[in-house]
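J.: Got a structure for you, written out below as structure tokens; questions coming shortly.
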Amino acid sequence: LAAMQPGTNWHLKENAREHHTSKFSSEELIVRRGQAFTITFNGIEKPEQNLIFLAETGPKPSKATKTLATFDISSAVSKEGWSAVLQSTSSNSVSISISSPHNAVIGRYKLSVQTGSSSPASLGTFVLLFNPWSSGDDVFMSNKAECEEYVLEEFGIIFAGNKNHISSFGWNFGQFQGDILNICLSILDRSLYYRQDPITDVSHRHDPRYLGRVLSAMVNANDDQGVVLGNWSGKYEGGKNPSSWTGSGEILQSWKKSGFKPVKYGQCWVFAAVLTTVLRCLGIPTRTITNFSSAHDADGNLRVDEFYDADGNHLERGADSVWNFHVWNESWFTRNDLGPAYSGWQVLDATPQEESGGIYQCGPASRYAIKEGEVELDYDCPFVFAEVNADCMYWNYDSATGKKTLIFSKSTEIGASISTKAVGRDDRVDVTSDYKYEEGSAKERDIFKKARKKLGLEDKFDPTAPTQEEIEQKPDISGKFKVAGSLEVGKDLSLLLVLENLQSDAKTVNVNMTAWSTLYTRRPVNEIWKDSISVTLAPKEEKQFPIKIKYPEYQQQLTTDKTIQVTAVCHVEDGIQVLVQRSITLDNPAIDIQVLGEAKVNKEVVVEVAFTNPIDTEVKDCVLQLEGSDLLQGTLELRIPPLKASEKSSTKFKLIPSEAGPKHLLVNFSCDKFADIKTFKMVNVIN
């Protein structure tokens, strides 16, 4: 037998269809664990002799670590381990159905066969993945439509903006394209866990909890030369602006091509989207979640403190912050370590915010544990609980004296409109009630107290906390910013500051106002405008003060997050200060995609992208970037001539779709005045 190398027929098409792996474009067999696959091989002279199979994975396969299995032909599928059942034999070939256990280690396996005392002959390699379609698997998902969305769908929608104005953009996860599976497997082999102890690391790869945590560390570059390097400075020289990516494929390919050097640059949605790609590729159902007004509680006291000076400038003091939005992941699997109630969606976060166990990793935190305030449970529940529940304290800080005065505190500010894409539709679904009880309800406050108690915060005196007296003080006036007019890059920004006297005597108020361009994390980048006014409000009077920030005033200062924070600090004579603030995210002008004619597999179809310059000056350096799984190989970049004021450009290009079904084309348009105008179009490809 050793002399005759057996030829193996892996029945790629049939096995892939059975195992929901047809979307992979691979010459190698890719199957899911806990389910049978069929192979045929020849070169065996007496196939009815005792055949013994070896399946092995990892650097030092052994039975003890469940990385080596030896099994002979049996009459039925084994409940426990690997098994082989004879399908048919002919004079020199044999068909075998091979089954792996539900809890097999995932990864690339070598399969060999031996007869009698001869040495094993290699049949080749195959890749084994998690199996959400199989009821014995830790990642089993009973709803087939959810399996389709959270494992097989290569297109996603990520929500952004702010809680008053939610926007969204498409993303090409592309988990089945080209070399992505191999790159995902090499991510596992480059983790700190693998480098420290490869044998133990590989033996844990049957467990989605373990892999989720390892990958939450590996997708960011901190600690381990992982995939994406974060940058929240507003300056992105030497790399790509985080807003410019439209898919994970280019990022993962660049990481591999550069010899595994971190790809520059990412922000939260990039980390979350890349982690979605990797986990879906490996077969763990995963989705992206956007949390609006997301707290980053750096010191673990379930409170975030924000500081302002007397002029209304937002000060960067302390490590706490509130982001307009933050994107993380949920993956679906059982929590045998915690009990059945805690199974289901688990929070993973690859954005490097705080260390956990000495490295930048986060999760899996059971979503049910977060809702119930069970913050002592593994992993990283206090951090995730704070992201959706922390109390907000706004302080006035006097840098000359170092004195801080509480302006007001809010317990309903954090964790709003928690959002994800609908199953099978391009809509937003609100999942806030899966993370917490209704804001302002007694139950929600009880859970918050329970969490504080479990963290030992109830009994500890906190010198930085405001006094009860400070918290209960009542302001004499109230204020808010209202938007008057459109919120579009290229147009003037019109707002109203509305002030109301809550008392029955007249009040004099000095108002200091500022507008800053910020990142989506609300980090101030450039001052745009400031003004101050003095007003007298008659008893119970409400007054409106129009504010206009002209496009030329903010155009140079705007970040690619297109976010402006307006703040008014109101100094009431003989009263306490009142802080009025609003974060405003501007919309880019629209871009339009038309598919001209029918899209058919392997046939050219023309697509037209149109953009009208909405401003009264020329725009130049125009670039169109396109991608879409099964529509284009990689990304396509087209340069477009400059556009005069109000001029319309129309660009036509050809696609050759490679697969039938609903596919998504993603477009990103940039020029010197507008960054990363994104849109997507569903293209229904027919055979």
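Cβ coordinates are placed from backbone N, Cα and C, and glycine is handled just like the others.
TrEMBL entries are annotated by machine, without manual review.
It should be emphasised that the depicted structure is a prediction, and the values quoted were computed from it without experimental measurement.
Pasting the feature list from TrEMBL:
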- 1-21: region 'Disordered' (REGION)
- 11-21: compositional bias 'Basic and acidic residues' (COMPBIAS)
- 260-352: domain 'Transglutaminase-like' (DOMAIN)
- CYS268: active site (ACT_SITE)
- HIS326: active site (ACT_SITE)
- ASP349: active site (ACT_SITE)
- ASN389, ASP391, GLU439, GLU444: Ca(2+) binding site (BINDING)
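Thinking about packing and proximity, how do these listed features fit into the structure?
T.: Within the same chain, the residues at least 6 positions away from ASP349 (active site) whose Cβ sits under 8 Å from its Cβ are SER216, PHE271, ALA272, TRP328, ASN329, CYS362, GLY363, ASP380, VAL384, listed in sequence order.
Contacts of GLU439 (Ca(2+) binding site) defined by a Cβ separation under 8 A and a same-chain sequence distance of 6+ are given as SER411, THR412, in order along the sequence.
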J.: Please determine which of the binding-site residues listed here (ASP391, GLU444) has the lowest count of neighbouring CB atoms within 10 Å.
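T.: Across ASP391, GLU444, these binding-site residues, the one with fewest Cβ atoms within 10 Å is GLU444.
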J.: For the Ca(2+) site (ASN389, ASP391, GLU439, GLU444), what does the 8 A shell look like? I mean other same-chain residues with CB within 8 A of the CB centroid.
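T.: Sorted by sequence, the hits are SER411, THR412, ILE414, GLY415, LYS436, ARG445, PHE448.
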J.: Quick one: pull the CA-CA distance for ASN389 (Ca(2+) binding site) versus CYS268 (active site), whole Å only.
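T.: Given the Cα positions, ASN389 (Ca(2+) binding site) is 19 Å from CYS268 (active site).
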J.: Measuring Cα to Cα, how many Å separate HIS326 (active site) from ASP391 (Ca(2+) binding site)?
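T.: Just about 17 Å between their Cα atoms.
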J.: Between the recorded positions CYS268, HIS326, ASN389, where is the Cβ count within 10 Å the lowest?
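T.: Result for the recorded positions CYS268, HIS326, ASN389: minimum number of other Cβ atoms within 10 Å at ASN389.
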J.: Rounded to a whole angstrom, what is the C-alpha distance between GLU444 (Ca(2+) binding site) and CYS268 (active site)?
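T.: Here the two Cα atoms are 27 Å apart.
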J.: Roughly how many angstrom lie between the C-alpha atoms of CYS268 (active site) and ASP391 (Ca(2+) binding site)?
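T.: Spelling it out, the Cα of CYS268 (active site) and the Cα of ASP391 (Ca(2+) binding site) are 22 Å apart.
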J.: Averaged over the whole of the domain 'Transglutaminase-like' (260-352), what is the pLDDT?
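T.: Mean pLDDT for the domain 'Transglutaminase-like' (260-352): 95.
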J.: Could you tell me how many residues in the compositional bias 'Basic and acidic residues' (11-21) are helical, how many are strand and how many are coil under DSSP?
T.: 7 helix, 0 strand, 4 coil
